[in-house]
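Reviewing the structure listed below.
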Amino acid sequence: MHDIKSIRDNPQAFDAGLARRGLKPLSASLLAIDERRRAAILASEQAQARRNAASKEIGDAKKAKDEARAATLMAEVAELKTTMPQLEAAAKAADEELTKELSAIPNIPFDEVPDGVDEHGNVQHHVFGNKRNYGFAPKLHDDLGNALGYMDFEAAAKLSGARFVVLKKGLARLERAIGQFMLDLHTTEHGYTEINPPLLVRNEVMFGTGQLPKFEDDQFWAIKGELLASPDHERLKTERLGLIPTAEVSLTNLARESILDEKQLPMRLTALTPCFRAEAGAAGRDTRGMIRQHQFTKVELVSITTPEASKDELERMLSCAEQVLQKLDLHYRVMTLCAGDMGFSSQKTYDIEVWMPGQGDGGMFREISSCSVCGDFQARRMDARSRGPDGKPRFVHTLNGSGTAVGRALIAVMETYQQEDGSIAVPSVLQPYMGGLKVISRD
């Protein structure tokens with residue numbers, strides 16, 4: 001969330017940042033609400049101060065036996081007791097209005113972020129590896145999985161509907177191996193601490209990382225059975241729990257409502273979890289295969305750090321995610337996202353796009369990881385702070401990245417390591433996790 005003081009100090013810069021996001025200027029309307037809020041707070045504080053002073057003056061008047069003065073002051077205090085709740089309510093309402101408006105506005109991109117309105121404005125940063133040459137036409141992962149008999153979308157549809165999959169035997173084992181390999185890499189070589197977090201979280205936790213209020217329709221929600229028949233819609237919204245769309249939500253919020261010792265920073269956390277996304281805006285897109293699922297597995301990387309270190313931490317996080325694909329010997333490219341294509345909470349984002357030879361007409365790059373620095377944007381929403389060099393609390397900076405999406409890594413491995421007979425060669429780095437198995441083939 002944005003700092004209203006920063007907007008007050010430089011409204012032109014704020015509006016310029018919003019323009020790069022494709023948004024209209026908002027500083028004037030925000031500052032008008034802020035002015036009302038400050039005036040209401042001042043009026044409430046002045047009324048409280050006057051009530052305190054008048055109460056003291058009543059005692060002085062009574063000591064001086066000035067009953068008329070005391071009666072006048074008592075009447076004033078009685079009137080203030082009536083008006084003060086109204087003033088406090090007005091101040092609270094203005095504060096809530098400002099918070100509501102600020103909470104729906106995305107983060108401001110760094111100056112170095114390229115301009116652009118969508119993915120067409122993204123800029124290639126660098127490329128790793130090369131496309132492989134096959135002596136046959138590479139197949140899509142779902143064709144490979146169906147032929148093996150280990151990828152069943154029909155069974156999943158019977159259980160849960162569209163955008164789910166049942167993996168079996170060698171492919172189920174391969175997906176598990178990929179996730180374990182990623183976790184081991186990040187914890188043993190990259191210095192991340194493994195966390196096993198809750199998958200169901202409160203509204204305020206979703207708010208903290210920016211899923212609420214703007215992206216409510218993209219989430220899956222769980223409610224207690226006793227609430228199903230409740231006519232109280234507000235109670236439903238208050239008591240519901242959200243299924244995490246990414247472990248970023250749980251991991252980042254571990255710092256919420258805390259003042260950390262900066263000696264503890266950077267705090268680097270990782271988790272392998274199922275993730276759940278309603279994909280409300282994805283109707284008709286990627287309907288085939290495992291590319292876009294309602295439920296998928298992902299290894300998440302989160303860093304909590306100081307303002308001075310956050311930019312360097314982004315480069316480090318990107319490198320950690322890249323090493324997953326390098327060790328799997330997968331061809332990929334890194335893209336710097338343009339301002340119009342970045343996520344809501346991000347100041348700068350790198351996307352890693354892995355080459356999938358079975359996709360499209362002759363193969364295509366598909367996103368497998370996003371690494372973002374968010375500055376203090378999420379920290380303000382969570383009230384996550386650290387004690388700085390001067391001993392005063394200040395907001396931490398947060399970063400998050402996929403390290404990486406396990407399902408998409410499975411797809412990339414299947415399509416990259418497919419053999420002409422439809423079997424899948426197991427990358428050497430994964431073979432220890434597969435009991436030494438070198439090839440996945442049909443029983």
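Placed from the backbone N, Cα and C atoms, the Cβ positions cover glycine too.
According to Swiss-Prot, the feature L-serine binding site maps to Thr246, Ala247, Glu248, Glu300, Ser402, an assignment based on sequence analysis. Glu300 (L-serine binding site) carries a strand DSSP state (E or B). In sequence order, Thr246, Ala247, Glu248, Leu251, Thr270, Ala271, Thr273, Asn400, Gly401, Ser402, Gly403 are the residues near Glu300 (L-serine binding site), counting only same-chain partners six or more apart with C-beta under 8 A.
Summarising the annotation, Swiss-Prot assigns ATP binding site to Arg277, Ala278, Glu279, Glu367, Ile368, Ser369, Ser370. The DSSP secondary structure for Glu367 (ATP binding site) is strand.
Taking every pair among Thr246, Ala247, Glu248, Glu300, Ser402, the residues recorded as binding L-serine, the greatest CA to CA distance is 9 Å. Fewest Cβ neighbours within 10 Å among the binding-site residues Ala247, Ala278, Ile368: that distinction goes to Ala278.
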